[in-house]
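Please read the structure below before turning to the comments.
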Amino acid sequence: MKQLKWRTVNPEETKAIAKLTAAFAKPGDVLTLEGDLGAGKTTFTKGFAEGLGITRIVNSPTFTIIKEYNDGVLPLYHMDVYRMEDESEDLGLDEYFHGQGVCLVEWAHLIEEQLPQERLQIVIKRAGDDEREITFTAVGNRYEMLCEELSRHDNISN
């Protein structure tokens, strides 16, 4: 499994990494986001949405579980599964995971059994007040190629 690591010093750098990642997004991509409360998962998602050209305000779907944004070059399905009652709760996630948009799933470890085998796992950890350590782990060929492409760009701190 290929890994990429970055250290960002402010939310704008976190968004820049997300925006670049979005530039290579394809329909059916699934990105999982892990990190403590306030680590920057929603900040990452905001940058990703900007990269897709989404103009609507992006915020955490904590109480709705899934927010759909359809005004970009690809639909974005932002999921926060932290409040799901149990892993077997049927929200039709397969339709999202194998659909025409990109899924960003916060707290994805809570629905591990429902996730596609291939995905990009993103872990965001606090490294100071505004500093973050961001780790991408590619699971599957599609995401190995995505990480390879991202590693070629030096316009973000790596």
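Glycine residues also receive a Cβ, built from the backbone N, Cα and C atoms like all the rest.
Database features, via Swiss-Prot:
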type: BINDING; residues: Gly38, Ala39, Gly40, Lys41, Thr42, Thr43, Asp130; note: ATP binding site
type: BINDING; residues: Thr42, Glu106; note: Mg(2+) binding site
Do me a favour and check the Cα-Cα span between Thr43 (ATP binding site) and Glu106 (Mg(2+) binding site); whole Å is fine.
12
Among the binding-site residues Gly38, Gly40, which residue has the largest number of other Cβ atoms within 10 Å of its own Cβ?
Gly40
According to DSSP, which of helix, strand or coil covers Gly40 (ATP binding site)?
coil
Residues flanking the ATP site, with Cβ no more than 8 Å from the Cβ centroid of Gly38, Ala39, Gly40, Lys41, Thr42, Thr43, Asp130 and excluding those residues themselves:
Pro11, Thr14, Gly35, Phe44, Ile124, Arg132
Alpha-carbon distance [Glu106 (Mg(2+) binding site); Ala39 (ATP binding site)] in Å:
11
Glu106 (Mg(2+) binding site) versus Asp130 (ATP binding site) - Cα distance in angstrom:
20
Between all pairs in Gly38, Ala39, Gly40, Lys41, Thr42, Thr43, Asp130 (listed as ATP binders), what's the biggest Cα distance, rounded to the nearest Å?
14
Tell me the Cα distance separating Glu106 (Mg(2+) binding site) from Gly40 (ATP binding site), rounded to the nearest angstrom.
10
Glu106 (Mg(2+) binding site), number of other Cβ atoms within 10 Å:
24
